[in-house]
Amino acid sequence: MGLCRAKVTQFLGAKQYSKAPDGGWGWVVAVAFFLVEMFTYGIIKSFGIFLQDMMEEFGETNSRVSWIISICVFIMTFNSPLSSVMMNRFGFQFVVMIGGLLISTGTIATSFTSSLNQIYITYGLVTGLGYCLTFLPTVTILSKYFSHRRSLVTALASTGESLAMSALAPGFSVLRDKIGWRHTMAVIGALQSVIIICGVLLRPIIIKPRMSQSQNIETSYSKELEALKTQENVDSLVLENIETTNGVLSLKDTCTPEENTSLDKEAKLETAPNSLEKNSRLLDFSILKDSSFVLYSLFGLFATLGFFAPPLYIIELSVSHGMEREQATYMLSIMAVAEIFGRFVIGWVLSQNVFRTRKLQVLLVCVIMMTVDLVGFTLVTNFYTLALCCIVYGFFMGTIACTHIPMLAEDEVVGVERMSSAAGVYVFIQSFAGLGGPPLGGVLVDVTKNYGAAFYSCAVGMGLSAVFLGFVRPAKKGLPCRRR
């Protein structure tokens with residue numbers, strides 16, 4: 001038993017590197033992240049196929065049923081600091097395994113509910129908390145395994161949610177027609193247990209940079225000087241404390257009990273584990289003193305306001321322009337395919353040498369293009385122009401969605417060392433826009449009787465996010481604002 005445990009620890013335990021390996025076990029972590037994306041965000045985006053069934057079975061309105069996803073997403077993002085604290089305290093593997101267990105349990109429990117309020121608890125709270133404990137740890141540890149290829153690998157691995165939306169959603173829809181929404185939900189919950197296995201595969205990584213040759217020479221020289229000083233002290237101590245008694249040389253005991261105790265403590269300190277690691281803060285709120293992080297968080301807050309309208313209202317906007325509802329549903333598929341393509345392209349672009357020091361500028365261009373496209377939705381009226389807007393939206397949605405959190409690991413924002421805490425606080429700030437954005441768009445639509453109003457509000461939010469993003473790099477350099 002002990003031998004088996006030792007082999008498992010050797011295989012899945014922490015491994016030390018002098019720098020990010022940019023491969024190796026990192027590819028296994030990338031596959032794990034792909035599966036986590038597929039069975040978290042991919043399922044959330046596909047949940048709409050069950051809304052009509054729930055409305056009919058429970059006799060509820062569209063808005064009441066829609067709160068299931070709102071609660072789930074809010075719990076997932078609002079509790080992101082908890083995820084950061086837990087992964088700093090217990091490690092990535094344990095937290096993701098617990099998250100996978102909560103997701104699977106909550107989804108399966110949803111298939112046994114008898115009211116909408118029970119689904120708010122099983123799927124909204126339980127599954128939402130599970131989503132919270134799985135996404136952040138996987139994207140954080142993936143960023144630690146890769147440096148030069150970080151953008152490309154993250155972009156490729158994050159296509160899991162888009163593939164789930166374009167491939168799994170139709171499959172679940174067919175399954176629902178055959179066995180009903182309850183049994184389909186139970187099947188999804190069973191499939192989501194794969195996340196527990198993904199958690200096991202998140203092998204911890206320790207980055208300890210090697211000392212340069214000059215640092216080695218300096219350290220060696222310092223040790224030699226210290227050894228010479230120690231030898232001199234020992235020689236003088238021996239000469240001072242030797243006394244002759246009846247012609248016999250003897251050594252006096254010059255150490256007091258207090259000094260002996262002090263020496264014992266020093267010896268224990270030498271062999272004890274690193275106390276700094278044990279006493280490190282579980283959540284580093286000092287990042288809030290970093291002007292660049294504050295500005296980047298404001299970018300994330302307002303960008304989230306710009307994400308929700310097209311997936312929610314594109315079908316109704318298309319119908320209001322005279323399209324058939326069946327034809328309008330193709331818009332979502334167009335977005336999903338374009339989003340996959342956007343993730344591939346941005347991953348390749350940011351991995352090129354010419355853009356490695358200009359990642360924030362590339363992201364800023366994508367945000368500006370997204371803003372223009374959101375305005376374009378309100379100006380076009382036929383199928384082909386709306387489809388073009390959906391292609392542009394899906395493409396740039398993919399570029400932003402797969403880079404905005406990994407971008408925290410860049411030195412221009414906070415750096416990979418503080419990413420665990422930064423990601424938790426960043427997503428927590430985003431949660432308020434995620435909760436308030438859809439209701440705000442709904443109010444504007446109700447007041448104006450025009451679905452385009454929701455797209456205008458998203459364009460304003462995305463435009464403001466571009467302004468804050470533009471100031472992140474100058475803030476890091478201390479140009480117009482200094483670190484407090």
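Heads up, the Cβ atoms here are built off N, Cα and C, so glycines get one too.
Per TrEMBL, domain 'Major facilitator superfamily (MFS) profile' is recorded for 26-477.
According to TrEMBL, the transmembrane segment annotation covers 25-44 (among others).
Feature annotation from TrEMBL assigns transmembrane segment to 64-82 (among others).
The feature transmembrane segment is assigned by TrEMBL to 94-114 (among others). Listed as Cβ neighbours of the transmembrane segment (94-114) (distance under 8 Å, sequence separation of 6 or more from its ends, same chain) are residues 36, 39-40, 43, 83, 86-87, 122-123, 125-134, 137-138, 182-183, 185-186, 188-190, 192-200, 202.
Taken from TrEMBL, the feature transmembrane segment covers 120-142 (among others).
Residues or ranges marked as transmembrane segment by TrEMBL: 154-175 (among others).
Under the heading transmembrane segment, TrEMBL lists 181-202 (among others).
Tertiary proximity for the transmembrane segment (293-315) is limited to same-chain residues at least six positions away from its ends with a CB under 8 Å from its CB atoms, namely 45, 287, 325, 328-329, 331-332, 335, 367, 370-371, 374, 377, 386, 390, 393, 397, 400, 404, 407-408, 413-414, 422, 425-427, 429-430, 432-434, 436-438, 440-441, 445, 451, 454-455, 457-462, 464-466, 468-469, 471-472, 475. Per TrEMBL, transmembrane segment is recorded for 293-315 (among others).
Counting same-chain residues at least six beyond the ends of the transmembrane segment (327-350), those with a Cβ under 8 angstroms from any Cβ of the stretch are 151-156, 158-159, 162-163, 165-166, 310-311, 314-315, 318-319, 356, 359, 362, 366, 383, 386-387, 390-399, 401-403. Here TrEMBL flags 327-350 (among others) as transmembrane segment.
Annotated transmembrane segment per TrEMBL: 362-379 (among others), in sequence order. Counting only same-chain residues 6+ beyond the ends of the transmembrane segment (362-379), those with a CB under 8 A from a CB of the stretch are 299, 303, 306, 309-310, 314, 317, 346, 349-350, 355, 386, 389, 392-393, 396-397, 399-400, 403-404, 407, 452, 455-456, 458-459, 462-463, 465-466, 469-470.
According to TrEMBL, the feature transmembrane segment maps to 385-409 (among others).
Sequence annotations record features per position, and here TrEMBL assigns transmembrane segment to 421-441 (among others).
As annotated by TrEMBL, transmembrane segment applies to 453-472 (among others). Residues 292, 295-296, 298-310, 312-313, 317, 360, 363-364, 367-368, 370-371, 374-375, 377-378, 412-413, 433, 437, 440-442, 444-445, 447, 480-481 of the same chain lie 6 or more positions beyond the ends of the transmembrane segment (453-472) yet place their CB under 8 Å from a CB of it.
Outside the transmembrane segment (25-44) by six or more residues, the chain places 15, 69, 72-73, 96, 103, 107, 131, 134-135, 138-139, 141-142, 145-146, 153-154, 156-165, 168, 188, 191-192, 194-195, 198-199, 201-203, 205 with a CB less than 8 A from a CB of the stretch. In terms of C-beta pairs under 8 Å, the stretch of 64-82, 181-202, 421-441 lying closest in packing to the transmembrane segment (120-142) is 64-82. 421-441 is the stretch from 181-202, 385-409, 421-441 with the greatest number of Cβ pairs below 8 Å to the transmembrane segment (64-82). Counting same-chain residues at least six beyond the ends of the transmembrane segment (385-409), those with a Cβ under 8 angstroms from any Cβ of the stretch are 139, 142-143, 150-151, 154-155, 158-159, 162, 293, 296, 299-300, 303, 307, 310, 314, 317-318, 321, 323, 330-331, 334-343, 345-347, 350, 359-360, 363, 366-367, 369-370, 373-374, 376-377, 415-416, 419, 422-423, 426-427.
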